[in-house]
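Read the structure below first, then the notes.
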Amino acid sequence: MTKKNHALIPIPGPSVWPLLGNLFDIDTEHGLASVLEMGRSYGDIFQLVLGGNKLVFLQTHALFDEVCDESRFCKVVVSGLGNLRAGVNDGLFTAHDGEHNWGVAHRIIMPIFGPIKIRETLGGMKDVCQELSLKWARYGPDHRIDIAGDLTRLTLDTIAFCTMGYRFNSFYRNSDVHPFVKSMVGFLREADKSSMIPEYLNAFRWKARRSFLGDIASMREMSMMILNLRRGNPSDRDDLLNALLHGRDPKTGEGMSDESIINNLITFLVAGHETTSGALSFVFYYLLTNPESLKNAREEVDRVIGAGNITADHLSKLPYIDAVLREALRLNPTGPAITLGAREDTTLGGKYAVKKGEPVLCMFHNIHRDKKVYGEDADEWKPERMMDENFNKLPKNAWKPFGNGTRGCIGRAFAWQESQLVIASILQNFDLTLDNPDYKLEIVETLTIKPGNFYVRAKLRSGRTPRELCGFSNPISTNIQIKNGTIAPANDGQVGNSTPVTILYGSNSGTCEALAHRLARDAPSYGYSVTTVATLDSVIGILPRAKDELVVIITCSYDGLPADNAVRFCNWLKTLDEDALGGMPFAVFACGHHDWAKTFYKVPIMIDELLARAGAHRVAQMGKANSAVSDMFSDLENWEDEHLWSSSSAAGNETVDNVARTEVKQDITITNPRARALHHNAVECIVSETHKLSESGSALKYHVEIQLPANMKYAPGDHLSVLPINPRQNVRRALARFHLAGDSVLSVARIGHMGTLGQETLSAFDVFASYVELSQPATRRNIATLLSVTPEGEGRYELAELGGAAFESQIRDMRVSVLDLLERYKAIKLCVGAFIDMLPPLRVRTYSISSSALWKPSHASLTISVLAQPALSGQGSFLGVASNFLADLVPGDAVHFTIRPCKKQFHLPDDASAHPIIMVAAGSGIAPFRGFIQDRALQRRNGVQLQPAILFFGCRGSKQDDLYRQELDEFEAEGVVSVRRAFSGEETVSISESRMYVQDRMWADRAEVIQLWNLGAKIYVCGGINMADGVREIFNEIVGPTEVDGKRGAESLNKLSEETMSARYVAEIFSQT
C-alpha cells in the first residue's frame, strides 16, 4: 500500500439499510431539498444508496473542478437521468458516453446552434414573446398571473416554432397547459421519484408505471405528428427539424433514423423549454424581491433599448441583464446537478477513493454557493458579482449551470438569447408587482426546479396600450428622457442643448439619496437631462464614460468606510488603470459630520481622487456639507449655483436666470372622495408587543417587538430601517394651513424631488403623513420662493432677512421648517403644489435591533427613546418623526421594515470562547448589546465557555430608566455578563452605583478594563456623540501611560493602527429622530 493510500478516508454518509438503501433518509416528493439539507451535515462530499445505486455527492468547487477534467471523468447516465432513457433512449441528453447515435446527432445538429443561426431565430422568438405581452396587457393590472406557467407556455412555443416551425399556440388554451406539457411533467417527475426507490419496490407501483408509459407514448405521438407534418409540407427553413430529417453526419455520412429523430425532438422540446422557463421564473422572483436590482435592470433596458423594437444588437449591450441571469442561475440552477464518473479508479481531493464508473453527482446549488469562491455573502442575491469584469475573474468551473465540456448544453446560446429578449421585453412594457408581497420562495421539483405558487400582476408602462404591442400605432416619440427607471417626456423647460447627467449616491440613512433626487430635480433648470439616479454599486463596470455626459456623485463616510451600497464601487474604482475613464466629466459632493474628524469626508475625497487618477475630468471642486453646522440641502443648493452648473456650463449649457430657478410649481387637482391606501416596497411586519420602559423624569423609552417574515434574517448588532409616518400634530398643521380636509384627494404628478409618480391619486393626509419631511429646515431657495409669493409689506422684509444674513442663526440653527414659516407669515400665498415640491421625501430611519434572532425566532425588538421637546424656534414642539411613530404602535399594527446589516466590525466575535468584550452604552444605546447578551446566553446554555463580558450602562436613575433591569440581573446571575451601571441623575447609597456618567464608571473599573484589553478584548460603544467622545477620551487615558495596580494598557488609542482600531474598538453613534 502506498503512502498516498494510507491518507485515504472513507466518504461519509448515513447508515445504509439492507435492500432499502437510504430510502428513509429522503423525502421522495422533495428529493433535491432532502439531499441539499443532508449535505449541510457532511461538508464537501457524502454518499447515499438510492434505487440500488451508490451515489457520491460533491458540494465544493475544489472537488468539482477536479471532476470537470474530461480526461479523467465523463458523463454517466444513471438514476433519474437513466430512467429518462425509457422515453428518449440515446437522445443528446441521455446518451451514454461514446454512444454512436449521440455522435451522429451531435455533429448534425451543432451548426444549427451556431452564433449566426441563433441570431436568425430572434424574429421567431419575438413573435412568441409578443403573444405573452398581449395576453398580459389584455388581462389588465388586476389579473393574477401564474408567471412560471406563462413562461413555460412561452418557452415551449418558442423552441417549437423557432426550431421546428410548429405552433403549440399555448396562449390560446385559456388557463390549461398543452397536453405535451402535462405528459412531460409526469414523465420527469416519475423518472426522478422512481430513481430513489429500490427496483423491487418500483415493481409494485403499477399505476405509476402505467402513467409513466402513457406520458412517454403521448410525447412520442406528438413528436411523430410534428415530423409527419413537415414531411407532408416540405419547407426550406434552415432549422433543427430539417437538419434532423435531411442532415448527414460529416464524419460518417450517416443520416438519422426516425427513432433517433423522435428521441431528439422530445429531448429538445423538454430540455429546450423546461430549464429556460425555470430560469426566467427565478429571475423575476429575484427582481421583484430586490427592488434595487429591478430598478437597475429596467434602467438598463430603458437606456439601451428605450421604447423601440428590440434588436440583436441591443441584446449584446445589456451587461446588467446578463449579470441578473447569471446570478439567478448561480443561486438556483434549474438543472440542479450533473452526473459524472471516473474513467479509471481514482481519488478526489487526494483522499476520497472513487471507482471507475461510480456515479458522482455534482450539486450545483452548493458548488455555486461555495464561500471560498463567492465569499461570505455567497447565499445572497448580488448580481453585481456577475458583471463581466467580476465574472471573468472567477476560477474556472465556478459557474456551470449549462453542464460541462462536450456534454454541456448544446442550446445554451439559444436559451440565453431567448432569456435576454423575454426579460428586456417584459421590463420594457410592464411594471410587475408581486401578487402576494409576503411570498416566500417555494421550489417545485421534477428533474428540474422552478418557483411554485409564484403569482404576479402586470401593468403596462408609460400609458402603452395593447395596440402598441401589436405595432398598430406609431412608435413612441424619441424625445424622451429616463429618470429613475421610468420613461417620461423630455422637460419642455430645459434650455440650450440638453446635456445628459448621471447622478449616483452612496447612502445608508437615506440622506445622500434624498440629496441625489433633489439634484435631479434641479438639473433640467440648468439645461441638463437626467439619465439615471442610482446607487454607486449599481454602475460597477458600466459607469458612463462619454465625454459629453456629466457624472455627479453624492456620498459620505461611515466611520471612515463607504456606505453599504458603495463598498463594491469603491473597491472596483481602486482597480482601474490610468485613463480607464477616458476624460469622463465628473463632480463629487461630500457629506459628513465634523465630530468624526479623523474620517471627515474620507470616502468622498478618495472617490474624487481615484476618479481623477483613472482619467476622469473634474469639472467642479468637491462640494461639502457638514451636518454638524449646516443644512445639507442648503449646502447642495449653494454648490450647485456657485460651482457645479456654472463650471460645467462651459460644455455648452446656457445658465438660467435666478428668478426662473426658484421652486417649480406643479398643478394639483383637489377632489373629495376618500384616498386609497398607500403602499411601500419594504416588507410588511406585524407588531407583536409594546410596552413603556421608563418612568417620568427621563425621556420616554419604549420596547417594540416585531414579528418578521421567516426569510428576514439578522445578526446581533444589525439594524431595522422603518419608513415612518409624520406625527399627526404636524400633519394637521399642514392640512389647516392649506384649508384641506384629511380625505381631500390630491392628484400628484410628483412628490418633492422623488421623480415622476405618474399622476398618483393620494389623500392630503397621506401626502403630508407618509411622503414628505414636514420638519426639514427651510433652505435659502425655499425662502426665495416664499418671498416671491408674499405681498408687499406682509412680512417680506423679515423673510428677506431670513433668506440672507439671518439664515444660519434664525433658520438653520433653530431648525425652522417651511411649514413653520407659513404659519408665522400667514400672508404668504403659496399653493399646495409648490409646498409639496419644496419638501424632501420622507426618509427611512434606522434603529439597532435589541434582540438576538436565536432568542425568539422570526422576531426582532427595538428600544426607542422618544424625542418630544419644545422647538428651538419657540413655535410649539419638536417631535421626532420615527420615535413618536414607533412609540404609538400597538400589537397588531402592520409596519414596513427592512433589515440593514451593521458594519461587520460591530458584529460579535466569531469565537465567544476566545475574545472578551466590553460594551458601553447610555439610554436606548443599550439596544444592540441586549441582542449581544441574549446571543451569549444561548451559547453558554449550549456549552460554550464564554470569555468575560462587561456592560457599562449609563442611565438617569434606578427608578427612571434602568432598562431591562430584571432581564439583565438574570443574565448576570448566569455569568453571561457583568453589568456596571452609572446613574447620572441621582445620588445613591451604593458606591458602585454612585452618581456618575458611564465614562466615570469605566474609570472607576479601569483595572478590569485594562486586564480585558490586554487579553484581546473588543470594545463596542453605542450612544450619542457626546457620550461616545467622552468614552473614547477616558478609554485613551485608561490604556495609555496610567498605571493601575502595576498594570497598564499596551498602547494609547491614538497610537493604535487604523486596522487594529477598526477591529478592536468600534462605535455606533446615533441621533434621535
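Positions of Cβ are set from backbone N, Cα and C atoms, glycine also.
Taken from Swiss-Prot, the feature heme binding site applies to Cys409, supported by similarity to another entry. Taking the Cβ of Cys409 (heme binding site) as centre and 10 Å as the limit, one finds 20 other Cβ atoms among all the protein chains shown.
Other C-beta atoms found within 10 angstroms of the C-beta of Arg613 (FMN binding site) number 16, with every protein chain shown included. According to Swiss-Prot, the FMN binding site annotation covers 507-511, 588-620.
Across the residues of the domain 'Flavodoxin-like' (501-644), the predicted structure has a mean pLDDT of 86. Residues or ranges marked as domain 'Flavodoxin-like' in Swiss-Prot (evidence: sequence analysis): 501-644.
The annotation domain 'FAD-binding FR-type' is assigned in Swiss-Prot to 680-909 on the grounds of sequence analysis.
Minimal Cβ crowding within 10 Å, among the binding-site residues His593, Arg618, is found at Arg618. Rounded to the nearest whole angstrom, the C-alpha distance between Asp608 (FMN binding site) and Cys409 (heme binding site) is 45.
With DSSP classes pooled into helix, strand and coil, the tally for the domain 'Flavodoxin-like' (501-644) is 59 helix, 36 strand, 49 coil. Recorded residues Ser507 (FMN binding site) and Cys409 (heme binding site) have their alpha carbons 42 Å apart, per Cα-Cα distance. It is 48 Å from the Cα atom of Cys409 (heme binding site) to that of Arg618 (FMN binding site).
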